[in-house]
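**Student:** Below is one structure. I have some questions about it.
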Amino acid sequence: MATDTAAPAAMKVDGSALAGRALAAAGARHMFGVVGIPVTSLASRAAAAGVRFLAFRNEQSAGYAAAAYGFLTGSPGLLLTVSGPGCVHGLAGLSHATANAWPLLMVSGSCSQPDAGRGDFQELDQIAATKPFIKIAVKATTIADIPRLVFQALAATVSGRPGGCYLDIPSDVLHQTLTESEAAALIDAAAADSAKSDSSPPKHKSLDEGIEKAAELLRRAERPLVVFGKGAAYSRAEDAIWKLVDTTGIPFLPTPMGKGVVPDTHPLSATAARSLAIGQCDVALVVGARLNWLLHFGEPPKWSKDVKFILVDVCEEEIELRKPHVGIVGDAKRVVELINREIKDQPFCLAPSHPWVEAITKKARDNVLKMEAQLAKDVVPFNFLTPLRIIRDAILAEGNPAPVVVSEGANTMDVGRAVLVQNEPRTRLDAGTWGTMGVGLGFCVAAAVAEPDRLVVAVEGDSGFGFSAMEVETLVRYQLPVVVIVFNNNGVYGGDRRSPDEITGPYKDDPAPTSFVPAAGYHKMMEAFGGKGYLVETPDELKSALSESFRARKPAVINVIIDPYAGAESGRMQHKN
């Protein structure tokens with residue numbers, strides 16, 4: 001009998017296998033993408049090395065999944081694409097991650113180096129294509145480059161302000177080989193070099209002074225406010241911020257994806273008194289949230305012209321751009337811990353009877369009562385409020401761990417933000433800084449694999465759902481515990497709302513630009529792949545569908561028929577349209 005006498009050290013390892021092993025050695029656990037030339041083998045080899053590969057139907061959705069994974073875990077999300085158009089499709093997720101300051105590494109195959117510039121298959125200068133959206137772009141020109149660049153690029157995604165990075169591996173490099181011993185040595189060397197590098201941001205020279213000034217400003221303020229965003233959620237600052245709120249009695253306001261860092265049900269929540277809180281506060285501690293359009297740029301008339309901002313951000317450029325009264329460069333969790341320590345030396349606490357606290361809590365209570373009065377009505381055909389109330393109650397009934405809620409759409413997301421309750425951090429994913437539509441089902445997959453003990457509930461407008469609807473097959477293929485609820489109001493913002501005098505011109509018989517096929521059977525898409533579909537038009541039907549699907553924890557689509565005239569065009573962004 002013939003035997004293979006070759007020593008293990010002499011066995012060959014190609015570039016795909018080396019990349020997979022390097023990713024695993026660097027701590028990667030999940031990768032999202034679409035396979036094809038030249039990266040199919042890379043996906044398989046990475047899986048063999050311990051990196052679970054989640055195969056999508058579209059690189060955009062895979063990219064959004066990788067971005068959300070970075071936010072949820074604090075570790076880089078991995079996106080794998082083919083060359084050329086696959087790389088271009090991946091730019092959606094890559095840019096979304098960078099815009100939201102989430103760590104993501106996109107790995108793409110590219111054309112063979114000897115054929116570059118000659119019109120090779122799917123040829124594109126992918127380094128140039130990705131550069132506007134990333135922190136760094138690196139290219140492996142030989143197989144020996146791969147481990148070092150994997151570790152380098154992954155580290156760059158999380159250093160300083162998190163964001164997207166890009167690794168380009170040409171097809172000829174993926175096919176190059178070296179021995180097992182050479183591969184192991186390269187990975188060991190890359191790991192050792194990475195361990196020597198301190199990726200944590202250096203202590204800023206003005207940190208101590210900034211902490212002292214922040215504590216003193218809060219102590220002297222008559223109407224202080226704590227504002228926190230998804231940056232605080234990303235840094236796991238919830239314990240520190242909750243302690244700050246409880247020990248000082250300062251009201252707080254979360255941005256949409258900051259919801260849950262401190263429970264929405266906390267008595268000092270100013271969410272339902274937002275206009276009063278930002279309009280009258282005299283000192284605002286802003287943690288992990290940028291003073292961009294979401295916070296009205298920190299300017300009048302929404303904010304008082306005399307407000308003093310204490311801005312905490314990991315990015316020094318953000319501080320320099322906004323020019324706050326006090327700017328502190330640093331990790332949100334660490335900075336708030338230091339503020340707590342400083343306050344402990346000279347403690348203060350606003351009592352519930354403090355005029356500012358009383359004004360906030362009274363306004364919030366009054367607005368909540370008004371909202372609850374509207375929510376208590378069972379309106380059929382459905383408006384947005386009735387089904388959202390039923391969904392809210394079903395989600396809250398799940399208890400702990402709370403489901404991750406994915407919210408996408410115009411009216412669906414806007415109204416849902418006011419109705420749905422988050423009591424745990426990182427349990428709300430939405431369109432984010434860019435207001436990106438198309439993130440929904442990619443986010444669902446990311447949440448399901450990043451938080452396997454949680455149910456995932458997507459509350460989607462029918463337009464938002466349409467961007468990634470084919471990924472229902474992905475949900476079924478991996479049997480993920482995701483329930484997708486589609487608010488079906490026949491179009492973008494609603495059905496055909498045109499008045500007769502608007503229906504003119506040579507194409508007047510065409511559907512309105514905002515309208516879809518009425519009462520489309522979105523639930524049947526899920527059924528086509530073996531999942532569970534529900535069509536609901538009444539409160540009892542919705543309650544039954546939610547109860548059954550939540551209990552099953554299997555892929556499901558609940559198609560909720562909404563009055564096409566409910567809601568408003570452009571949601572709450574009419575002034576931008």
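Cβ coordinates are placed from backbone N, Cα and C, and glycine is handled just like the others.
Source: prediction; values computed, not measured.
Annotations for this protein, taken from Swiss-Prot, read as follows:
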BINDING   Glu59  thiamine diphosphate binding site
BINDING   Asp462, Asn489  Mg(2+) binding site
REGION    412-493  region 'Thiamine pyrophosphate binding'
**Student:** What three-state class does DSSP give the residue listed as 'thiamine diphosphate binding site'?
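**Tutor:** Note: the residue listed as 'thiamine diphosphate binding site' is helical by DSSP.
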**Student:** Given Asn489 (Mg(2+) binding site) and the residue listed as 'thiamine diphosphate binding site', what distance in Å do their CA atoms have, once rounded to a whole number?
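**Tutor:** Cα-Cα, rounded: 28 Å.
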**Student:** Would you say which of the binding-site residues Glu59, Asp462 has the most Cβ atoms within 10 Å of its own Cβ?
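**Tutor:** Neighbour-count leader: Glu59.
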**Student:** Taking the Cα atoms as reference points, how far is the residue listed as 'thiamine diphosphate binding site' from Asp462 (Mg(2+) binding site) in Å?
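**Tutor:** Here the two Cα atoms are 21 Å apart.
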**Student:** Tell me, how many other CB atoms lie within 10 A of the CB of Asn489 (Mg(2+) binding site), whichever protein chain they belong to?
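**Tutor:** Other Cβ atoms found within 10 Å: 31.
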**Student:** Is it possible to list how many residues within the region 'Thiamine pyrophosphate binding' (412-493) are helical, extended or coil according to DSSP?
**Tutor:** 35 helix, 16 strand, 31 coil
